Structure formats: C-alpha cells, structure tokens
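Enquirer: The structure under discussion is supplied below as structure tokens; questions concerning it will follow.
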Amino acid sequence: MLLQMASEFFFLAIYISEFIIKLYADPIGFWEDGYNLLDVVIFFIVFIPHIIPKIMGIYYPYINIAQGIQSLRILKIITYSRGMRTLITSVGQIASIVASVLILFFVLMYIFAILGFCLFGVSERADLDNWGNLALAFFTLFSLATVDGWTDLQEQLDARNFLLSRVFTIIFILLASFVFLSMFVGVMIIHTENSMKKFERELTLERHTILMEEKQAILKRQQEEVSQLMQTQKNVDYSFAELVENFKKTLQHTDPMVLDDFGTSLPFIDVYLSTLDNQDATISKLQELYYEMVHVLRLMLEDLPQKEQSQSSEKDSHPPASPDAASLGVQLRPQSPQAIAWSSFTVSAS
C-alpha cells in the first residue's frame with residue numbers, strides 16, 4: 001500500500017511538472033493544440049480520486065467510480081506516439097462521412113423496426129420478447145445486423161409460423177451487414193490508409209531534411225578544415241602530398257556522402273565541362289593530323305610508280321655516269337621531317 005501511494009505521488013509530480021513546463025514555454029499556443037487539451041483533461045482526472053475524499057468523505061458511495069476513471073491516464077500515450085496521433089487525426093477527418101453512414105444505418109433500422117413490430121409484435125402469435133415494442137425491435141435488429149445469434153431469432157419466428165419472417169430477416173441482413181457495415185469498414189480503411197501514406201511521406205521528408213542538414217554540416221566542416229590546412233601551408237612549407245595526407249586524417253566514415261553534393265556542385269560541373277571541351281579539342285586536332293598524314297602517304301604512294309618509270313627510261317637512254325661526291329651527298333642526304341611536312345603541304349595546297 002505504501003509503495004502504491006509513493007508511485008502514485010511520483011507520477012502525479014511528473015504530470016504537474018510537465019504541465020507547468022509546457023504552459024510556461026508557450027502560454028498562448030498551449031491551448032491551441034488539441035493534444036495539450038487532452039493532457040489537461042487527464043491532468044484533472046488524475047486529481048479526482050484525491051479531491052473527492054477531501055470534499056465528500058472517504059465513505060462517498062461513488063468513490064470507486066472516481067478511482068476507475070484514473071484508467072483514462074493511459075490516453076497520455078497518444079501524445080507521445082505519432083502513429084496513434086495519425087490514426088486519431090484520420091478518424092477525425094472522416095467523422096462527417098462516418099456520421100452520414102451511421103445516420104443511414106439508423107434510418108434503415110428504424111424502418112425495419114416498425115415493420116418488425118407491426119409484423120411480429122402485434123398479432124396473436126406475437127413474439128413479445130423480441131418484437132414487443134420499438135426498443136426491443138431495435139435491439140433485435142442490431143443482433144441481426146451483427147449476424148450474432150440470428151438463427152435462434154429466426155427459429156423463434158418460424159415456431160410461430162410467420163410466413164414473411166425469412167424474407168424479412170434475409171433482406172435486413174443483406175442491407176445492414178453486407179452493405180452498410182461493409183461501407184462503414186471500407187470508408188475507415190481507405191481514409192486510414194491515406195493517412196498512413198501521408199504519415200510515411202512526412203517521415204521520409206523529415207529524414208531527408210535531417211540528412212541534408214548533416215551533409216551541409218559535414219561539408220562546412222570539411223571546408224573549414226581545408227581552409228585551415230591551406231593557411232597552414234602558407235605559413236609552413238608543406239608539399240602538396242603532405243597536405244593531402246593531412247586532409248585524409250580529418251575525414252570521417254560519414255564523409256563520403258558529401259560526394260553527391262560535390263559531384264553536383266556548379267564549380268565541379270564547370271571544371272568537368274571545361275575538361276571535356278579540352279579533350280574534344282585535342283582529339284579533333286589529333287584527327288586532323290592523322291588525316292593529313294594519311295593524305296601525304298597516299299600522295300607519296302601515287303608518285304612512286306611514276307618516279308620508277310621515269311628513272312627506268314632515263315637509264316635506258318643515258319648510260320650511267322660516274323657519280324661525284326657532291327651528287328652523292330645530295331642524293332644520300334636524308335630529308336628532315338619539316339621538309340617532308342612542307343612538301344606535303346605544298347602538294348595538298350596545289
């Protein structure tokens with residue numbers, strides 16, 4: 001008993017402290033949140049078993065009810081669970097639709113209650129236990145709508161030889177159980193599913209926001225460390241390799257995620273596109289050089305048969321003379337690559 005009282009006052013102190021802190025932090029916005037109002041209701045429910053004995057006495061006959069109301073304190077879990085709050089919010093959003101379905105269901109039961117009372121509760125063979133008045137007819141129809149013990153009710157009507165009883169029971173069960181209750185459950189499932197999808201999207205967006213904040217923090221820290229290393233390099237003679245090694249020591253296991261932002265940053269894209277342009281220009285120049293070389297070789301191959309024919313004809317018409325050293329020097333002197341290129345250029349220009 002003493003332990004129970006101590007735990008009771010301990011949790012009561014926690015409730016009071018939380019209420020005061022929330023009210024002190026935002027005295028105006030506190031009353032605009034529905035879950036804070038729920039906390040206020042629970043706060044007063046907690047005090048009921050402690051206030052009533054002081055006012056009405058410990059022998060008050062309804063003191064047990066006041067103590068049983070304390071079980072509502074479990075509702076405070078709702079304020080700490082986002083999933084439960086999402087479900088309650090979805091139920092609140094479809095309250096009007098649910099109310100419309102329940103009103104239609106009540107109208108259906110009212111019509112069939114009057115028909116059942118007139119058919120089975122007025123005649124000489126009337127079933128007064130189930131159809132004796134409108135209230136009993138409502139209760140019986142509720143049992144038929146839930147399909148709970150409807151066979152026993154139908155057997156009682158069959159025992160009194162009511163001809164239309166089976167048609168009445170089958171039509172009401174089809175309308176009430178298979179139409180209206182299914183409609184009620186379907187509406188609840190659809191809206192709950194939509195609320196859960198919205199809740200998952202909010203969680204995904206929140207996680208993405210947190211991840212982006214972490215990335216920005218890591219990137220900012222890396223920029224600061226790089227700036228410090230560059231400043232250190234200005235003050236002390238470090239080589240670039242040593243600077244890179246010092247920078248590697250500052251990296252953490254969570255840093256590679258920043259590479260996504262680095263790969264999509266504007267300076268990186270500018271440098272990458274400039275590099276591609278330079279590569280394209282270099283490849284284009286190399287292709288022009290290769291084409292020129294092929295053209296020169298083709299011209300050389302075309303001129304080779306003509307020179308051979310001219311030399312053979314000259315040998316036939318003139319006997320070979322003794323060559324002197326100057327002519328040998330001229331003939332045996334190799335041509336430089338510049339001369340070959342210039343000759344090919346002149347040939348292609350012609």
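Positions of Cβ are set from backbone N, Cα and C atoms, glycine also.
Straight from TrEMBL, here's the annotation block:
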- 205-232: coiled coil (COILED)
- 8-190: domain 'Ion transport' (DOMAIN)
- 305-331: region 'Disordered' (REGION)
- 6-25: transmembrane segment (TRANSMEM)
- 37-62: transmembrane segment (TRANSMEM)
- 94-119: transmembrane segment (TRANSMEM)
- 131-147: transmembrane segment (TRANSMEM)
- 167-190: transmembrane segment (TRANSMEM)
Enquirer: Establish whether the number of Cβ pairs under 8 Å between the transmembrane segment (167-190) and the transmembrane segment (94-119) reaches at least three, counting only pairs separated by 6 or more residues.
Expert: yes
Enquirer: For the transmembrane segment (131-147), give me same-chain residues lying six or more residues beyond its boundaries with a C-beta closer than 8 angstroms to one of its C-beta atoms, as numbers and ranges.
Expert: 105, 109, 112-114, 116-117, 119-121, 153, 169, 172-173, 176-177, 180-181
Enquirer: Suppose you look only at the coiled coil (205-232); what would the mean pLDDT be?
Expert: 81
